[in-house]
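Okay, structure first, notes after.
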Amino acid sequence: MNDASSASAMSDDAELARLDLDDARAEAARLTDLIVDARDAYYGRDEVLVDDATYDGWMQRLEALERLHPEVQGQDSPTLSVGAASGTLFAPVEHAERMLSLDNVFSEDEFRAWAARVQRDVGAGVHYLCELKIDGLALSLRYEHGRLVSAATRGDGRVGEDVTENVRDVAGIPLTLAGSGHPGLVEVRGEVFFTVADFQSLNAYQESMGDRLFANPRNAASGSLRQKREGKNERQLEAMHERLSRLRLTVHGIGAWPNPPVATQSEVYGLLESWGLPVSRYFTVAESVDAAADYIRHYGEHRHDVEHEIDGVVVKVDELALHDELGATSRAPRWAIAYKYPPEQVNTKLLDIVVSVGRTGRATPFAVMEPARVAGSVVRQATLHNQDVVKAKGVLIGDTIVIRKAGDVIPEVLGPVVELRDGSERAFVMPANCPECGSPLAPAKEGDIDLRCPNTRSCPAQVRGRVEHIGSRGALDIEGLGEVSAAALTHPLRPEVPPLVTEAGLFDLRAEDLFPIDVEVRDAETGLVRLDADGEPDARSPFRRQRKAPLEGRAPTASRPDPVFDPDGPFDGDADFILSAAAHELLENLERAKTKELWRFFVALSIRHVGPVAARALAQWFGSIDAIRAASREELAAVEGVGPIIADAIIDWFEVDWHVEIVDRWAAAGAQLATPGHPGPGAAPASGGVLEGVTIVATGTLEGYTREGAQEAIIAAGGKAASSVSKKTDFVAAGPGAGSKLAKAEELGIRIIDAAQFRVLVEQGPAALGEWSGA
Ligand code: IVH
């Protein structure tokens, strides 16, 4: 994404006010698209697509736009929610009280203006609790009568991900609270993080194991907390436990406890501390705005004296009664503010500027730099956004440049140190042609600054990006379909004709197609070929592993086990290699993906503006891709969470022949592009479905369904998909691998059904199963 042109666009009320309604709508949609993409990546895939300043710029501009043209604010506007829709890896947990975010200020003047507003609204005599803004991951711990019952990430603020199991391993989080007087329910909010020292030793360990390094402590914390246990061997589980136990927590608030027996936020911290919860030792209560400003200044100068990364200071009105009086917007409380510190800067050398083409065809120049450590991580590349930005920054290849990066921010090139030039520097020239397919680059429409490769269908860079997107967590979540395999399938060194010219053939892939591939490994962010230690392109054969005994004329297949490896056998060219575990895994996972939930397929199609939220809404309403394709613009736009812009994008997308071919070929290859049991377009499936009032728990492997697919099928048919078995459960659908839930169902005498019966149940309802008496 990296849309600098809009990032630098300051929110200009006058400019925005002049827009007519159509233009305002289009601009709101554009910003929403960028914000949602960035959020989905950040919360769902743990990827940072844009720097904080850019992101904040988008949010501010969208807020201004919505203030000036209230009609453009949709119900799903990012200004009304905090994070992205909950990720897909963990079960959803609804927070008893919403987890809000914080509004930001960036200067002392802005901070004082906030304090003045507070005093205007509630009078003088306010105390300001000042604390550090920890660069970690927000967590909500639900304690009932002093016992930890669940732990959840923030998600979209209403619904987070259930990470209870992993949180139990975090050393500093008590499972039972100390002391007494615990409420029936309280949500303790805090931040989990690694100290800088633990982060560095974690990365050293990752490196020694040949595993991926984390970009910064925040990513490491999020990656650690959001690990899956399934499929891990003993050593991996131990390493996971070790990592989790090193995570720290600092609590910074409570939720869902309407009348705590204390009057101030600082007393809340005292109470939490008496319960054995970790409270920051850095907080202080300032008696005046000046004293709060001193605290902000002090930590601005001493941010590295703290054992963890901070990206600012949070100032909260200490008096709880004033919290109620001041209230909150839909995004953030008015009684608290985050003061963000400016990003840090370092110098490094600009070695080159190279251009890469992304999923949407945009050609983006990247700065390739001498590795530099800035704000806790090593930086090698930074986007320069487009040729105009390169010019505006005035950098030459060979320059010493100033870069900056805050704790949770991607790097930015600020400009050259002109005094250090020696005359050997040279100017960057934007190439006229796509570096991957050679098509002449051009703006998508007149006046656009960004240049694009128009070869949307088959430019290897674009197909590679789309294939990688299909495998990503927010789309079909296919393990084994990532950066390297997407490149291997779409742009190998050999064979000359790649297995995938477009993504249409993805589900037709056979073992034979994977067999002869060699590929250059590319950087996930820049799409550029990585170099090995000798400066040569890092080339791999991801789907071959070793020589084998002759295959006796048979091609290897996904289902047949590897023949026995015979290192001394005669060498026989390509036929002398066996498929690697990676190839088996990919083919198997592709097969499994065919029955994933419909919305995932819809995200996987890379239709502009269609992310998980819109895709879910569409899938739920229409029930099949055919029905979506047949729908009119008005029908599409009428679906909640969709609207005219997305509707137009969908209509436009289906008008392109090769797009339709993707859908047709996926369907012909057996992809399930309809939700089983869906009653048809418009018949709101959440109520009135064949499973209305029926609660089902699915456990173990149900043939023909993924775990999410089974849940989706229940919900689509109007039923309730529960995650634990109780007396209220009507059916437990159990397959191989079912464990404690099955035992519990037996104990409670709940009807247990197999995969075949489950299919009948979700398609036809309980009556079709006979002998069920109803809820
Ligand atoms: S208070 C309703 N205090 O920063 C107030 N948040 O950018 C909720 N954060 O969502 C937050 N350190 O995850 C608070 N000392 C602190 C914090 C803190 C880090 C995080 C938190 C919040 C985010 C907003």
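Note that Cβ sites are derived from N, Cα and C of the backbone, with glycine treated the same way.
If you check TrEMBL, you get these features:
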COILED    14-41  coiled coil
BINDING   Asp52, Ala53, Thr54, Tyr55, Asp56, Ser101, Leu102, Glu131, Arg154, Glu191, Lys316, Lys340  NAD(+) binding site
ACT_SITE  Lys133  active site, N6-AMP-lysine intermediate
BINDING   Cys434, Cys437, Cys453, Cys459  Zn(2+) binding site
REGION    533-564  region 'Disordered'
DOMAIN    686-754  domain 'BRCT'
How big is the gap, in Å, between the Cα of Cys437 (Zn(2+) binding site) and that of Thr54 (NAD(+) binding site), rounded to a whole number?
30
Write down the Cα-Cα distance for Cys434 (Zn(2+) binding site) and Leu102 (NAD(+) binding site), rounded and given in Å.
42
Neighbours of Cys434, Cys437, Cys453, Cys459 excl. site residues, C-beta within 8 Å of centre, Zn(2+):
Val357, Gly361, Asn433, Pro435, Glu436, Gly438, Ser439, Leu441, Pro454, Asn455, Pro460, Ala461, Gln462
So which of the recorded positions Thr54, Leu102, Lys133, Cys434, Cys437, Cys459 sit close to ligand 1, that is, with a CB under 6 Å from an atom of it?
Leu102, Lys133
Can you work out the mean pLDDT of the predicted model over the coiled coil (14-41)?
80
Least Cβ-crowded entry, counting other Cβ within 10 Å, from the binding-site residues listed as Leu102, Cys453:
Leu102
Taking the Cβ of Cys437 (Zn(2+) binding site) as the centre, count every other Cβ atom within 10 Å, in any protein chain shown.
18
Could you check what DSSP calls Lys133 (active site, N6-AMP-lysine intermediate) once collapsed to helix, strand or coil?
strand
For the domain 'BRCT' (686-754), DSSP counts of helix, strand and coil?
19 helix, 15 strand, 35 coil
Given Cys459 (Zn(2+) binding site) and Thr54 (NAD(+) binding site), what distance in Å do their CA atoms have, once rounded to a whole number?
29
